[in-house]
C-alpha cells in the first residue's frame, strides 16, 4: 500500500454501479492498516474476499476484518439489521476468522433496520409494478426514511432504557400505519452480544486519527453511480456512496481524508433497473456474465453487463477526485476477439457530444454511445502478477483506459484469489 499521509484516512470507493471488486483492494490495503471502517449503506451491500482458500461474503462487516490484526468499525452512517449482523459474525467465525466480535466496534448512532422496514420495502416495490427500482428489499431505504423523518431507532436507544425503546418502536409503527410486528430477534441475547462492541465511533475514529499511530482505511459500499445525490436517480441506493459519505458516515472532517482510490471493472455491471448506456444485450454480454460469475452477492440476481464506460468513470472522478484506480477482472475478457470502451455520449436530437453526465435518467436512456474498439488479446491473463506478463493487447487496453480517464491505474485484478493482482508503480 502506498504510504498514507500521516494522520490522514485512505478511502476505497466504487466508480461504477457497484460490484467492482472493492473487497479485493480493501483486503490488499488492509494488510498495512490497523483500522478498517464502513461509513454508509447496510446489508444491501455485498463484498467478496477470497483468502487462504476460503471465500468470505460480507454485507455489514468491513471486509478488511479478514486481516486478523485489523480493528473493524461500523460507522454512524451505516444502518444495521442486528439479525443479519449476528448471522454474518457467526458465519465468519465458522469459516475460521478469529476474534471477530472483539475486533468489531459499532457506532451507537447507527440506525436499526427492523422487519417493518423490510415489509415496507417489499410492498413499495410491488406497488411500483413494472416501474420497480430493483431494490434488495432489505429495508435499507425505509430505514433511512425513518432516520430523515426523525422517528428512527438507533443502537443507543436499544442499549438504553427498554421501556423507552419499546415506546419509541410503537411510535415508529404508528407513524408508518403498519401492524406492530415482532422484532424477530431475541432482545436480551442481542444486548448481550452487542455490549462489548458498541461505542461512540466518532470519538474513537477521531482519537485514532489525531494519534497518528493508526493507519485507517474506509471501504465504501455500493458505488458512486448509486449515490442518492449523484447517481442515476431514482435508480439509486439511499445513502451517499461518494467521498462525502465518508465524512458524514464517520464524523470525520474533510481535511482528514487523504488518498481516495476508485475501483472499476474491465467491463461494467449493474443489478436491477435503471439506465445503462453501454449495456450488452447479445451473446457477448451473456458470455461475460457467465465467465465473470456475475450474480449479486446480496440478491443472487443476474447482473446486467456492458462495456467499460469511461464517461461514467470520469463523472465519478469529478465527484471523488481519485488518486489512483484499481482495474479488476481483466481476465474475464481474455477470450474476446475485440474489446470496446465507451468514450463519449451523443445527443440523438442534436448530434452533438454531451459535455456533462446527464442528471435526467430519461436523457441517459437515449444517448448514442461512441466506442473505442481495440483488438482482444486471446491469451490468458489469469493469475498474472507482473505487468510485463500481460499480452501486448491487454496492456494497450489498460493504457487506453488510463489515457481516456487521465487517472493512473495502480492495480489490475487478474483472478479471484487475493494474490491474483498486478501492482504497478504509477
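Cβ coordinates come from backbone N, Cα and C, glycine included.
Sequence-distant contacts (6 or more apart, same chain, Cβ under 8 Å) of residue 21 (GTP binding site) comprise 263, 265, 326, 328, 329, 413. In the three-state DSSP scheme, residue 21 (GTP binding site) is classed as coil. Annotation comment: Swiss-Prot describes 18-24, 46-48, 303, 329-331, 413-415 as GTP binding site.
According to Swiss-Prot, the IMP binding site annotation covers 19, 20, 21, 22, 44, 45, 46, 47, 136, 150, 222, 237, 301. Every protein chain considered, the tally of other Cβ atoms within 10 Å of the Cβ of residue 136 (IMP binding site) stands at 23.
Here Swiss-Prot flags 19, 46 as Mg(2+) binding site.
Swiss-Prot lists 19 with the feature active site, proton acceptor. The number of other Cβ atoms within 10 Å of the Cβ belonging to residue 19 (IMP binding site), over all protein chains shown, comes to 29.
The feature active site, proton donor is assigned by Swiss-Prot to 47, with sequence analysis given as support. Neighbour density for residue 47 (active site, proton donor): within 10 A of its CB lie 25 other CB atoms from the protein chains shown. DSSP gives residue 47 (active site, proton donor) a strand state.
If you look up Swiss-Prot, you'll see 297, 298, 299, 300, 301, 302, 303 marked as substrate binding site. For residue 300 (substrate binding site), the Cβ neighbour count at a 10 Å cut-off comes to 9, with all displayed protein chains included.
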Rounded Cα-Cα span from residue 300 (substrate binding site) to residue 136 (IMP binding site), Å = 10
Note = The correct three-state DSSP answer for residue 136 (IMP binding site) is coil
Request  = Compare the Cα of residue 330 (GTP binding site) against each of the recorded positions 19, 46, 47, 302 and report the nearest.
outcome  = 19
Task = Let me know the largest Cα to Cα distance in Å among the IMP-binding residues 19, 20, 21, 22, 44, 45, 46, 47, 136, 150, 222, 237, 301, as an integer.
result = 34
